[in-house]
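According to TrEMBL, the protein carries these features:
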DOMAIN    41-290  domain 'G-protein coupled receptors family 1 profile'
TRANSMEM  26-50  transmembrane segment
TRANSMEM  62-87  transmembrane segment
TRANSMEM  99-120  transmembrane segment
TRANSMEM  140-164  transmembrane segment
TRANSMEM  201-226  transmembrane segment
TRANSMEM  238-261  transmembrane segment
TRANSMEM  273-292  transmembrane segment
Amino acid sequence: MTINNQTEITNILLLGFQNLHNLRSLLFIAILIIYIISITGNIVIISLISTHRQLHTPMYTFLGLLSSSEIISTTNIVPNMLVVIAADGSMLPFTACLSQFYIFSALTNTECFLLTVMSYDRYLAICHPLRYNSIMNFKLCLHLIIWSWVLGFIITLIILVNLVSTVKFCGPNTMNHFFCDLAPILNLSCSDTFIVEIQALLFSVPVIIMPFIFIIATYIFIAFTIMRITSTTGRKKTFSTCSSHLSTVCTYYGTLISVYLVPSKENSPNVKVVSLLYVIVTPLLNPIVYSFRNQDIRTALTKCIHKS
């Protein structure tokens with residue numbers, strides 16, 4: 001297709017990690033192992049939550065949805081990433097690239113909202129335990145779940161529609177990354193991308209910044225409540241109910257902010273490294289953290305092991 005004497009690209013070349021030489025096989029095996037462990041761990045968490053009645057609570061329902069999102073998100077990126085690493089670069093239809101970006105970005109937004117909802121759940125359970133069941137009822141829980149997913153996908157859809165309708169892509173057709181993210185896609189443009197960049201920046205406020213501030217605020221209230229507990233055992237027990245979520249939030253938002261909100265050079269290898277941590281390591285840590293630091297999950301897992 002020709003637009004203003006410029007050919008619109010239909011395929012892109014993902015460069016991945018160049019000049020790895022003998023380390024390519026090692027990186028391939030490491031990512032494959034991490035991917036398998038991550039998928040298996042998240043499936044185990046979903047299975048435990050689905051089959052154990054004591055885990056049928058809002059907190060674990062949100063956790064199960066978070067694990068589902070992690071499975072879809074990593075599967076959207078990792079298999080093709082392994083092809084890119086093995087072949088030292090791989091061609092990808094531009095439409096497939098846009099689809100990968102949409103799914104990944106939408107699920108990233110959804111996970112931000114789910115983590116925020118989980119922090120609100122912990123705030124109610126610790127700071128207002130007597131009113132918890134009346135506030136966090138089935139109706140509210142269902143609304144929080146639906147809106148987390150709907151908003152996550154709608155916000156990304158708005159960006160994608162604006163991207164496709166206002167930006168022309170005519171080369172180069174090489175992307176110095178291992179998956180299709182917004183910044184690498186915009187680098188393929190031969191027209192002004194200012195509107196899309198501003199739109200993405202504005203949406204980061206309700207998707208990343210405001211949820212993060214909300215989570216910090218809830219944990220400040222939780223910390224004050226825990227400090228008012230006179231018993232040391234009581235303080236430890238109360239803190240243990242939210243420590244897993246806090247660990248997940250710190251890991252998730254730490255890498256998220258590093259990738260999308262901290263300025264960095266366009267072709268800096270640090271961008272790929274932090275993106276790799278965000279795409280691969282974070283989904284792995286979620287099941288590990290909740291398996292080792294959550295008593296209810298450990299108990300349910302132990303029962304399953306004994307039954308088998």
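Here the Cβ of each residue, glycine as well, is placed from N, Cα and C on the backbone.
Within the chain carrying the transmembrane segment (62-87), a Cβ under 8 angstroms from the stretch's Cβ atoms is held by residues 14-17, 20, 24, 27-28, 31-32, 35, 38-39, 42-43, 45-46, 49-50, 100, 103-104, 107-108, 110-111, 114-115, 117-118, 121, 144-145, 148, 178-179, 248, 279-280, 282-283, 286-287, 290, all 6 or more beyond its ends. Sequence-distant contacts of the transmembrane segment (201-226), counting only residues of its own chain at least 6 positions beyond either end whose CB sits under 8 Å from a CB of the stretch, comprise 109, 112-113, 115-116, 119-120, 122-123, 126-127, 155, 158-159, 235, 238-239, 242, 246, 249, 253, 256-257, 260-261. The stretch in closest packing with the transmembrane segment (238-261), judged by the count of Cβ pairs under 8 Å and taken from 26-50, 99-120, 140-164, is 99-120. For the transmembrane segment (26-50), the residues of the chain that approach it from at least six positions outside its boundaries are 17, 20, 56, 60-61, 63-64, 67-68, 70-71, 74-75, 78, 81-82, 85-86, 280-281, 283-284, 286-288, 290-291, 297, 300-301, 304, judged by C-beta separation under 8 angstroms.
Beyond the ends of the transmembrane segment (140-164), by six or more residues, the same chain brings 58, 61-62, 65, 98, 101-102, 105-114, 117, 120, 182, 185, 195-196, 199-200, 203, 206-207 to within a C-beta distance below 8 angstroms of the stretch.
In the predicted structure, the domain 'G-protein coupled receptors family 1 profile' (41-290) carries a mean pLDDT of 89.
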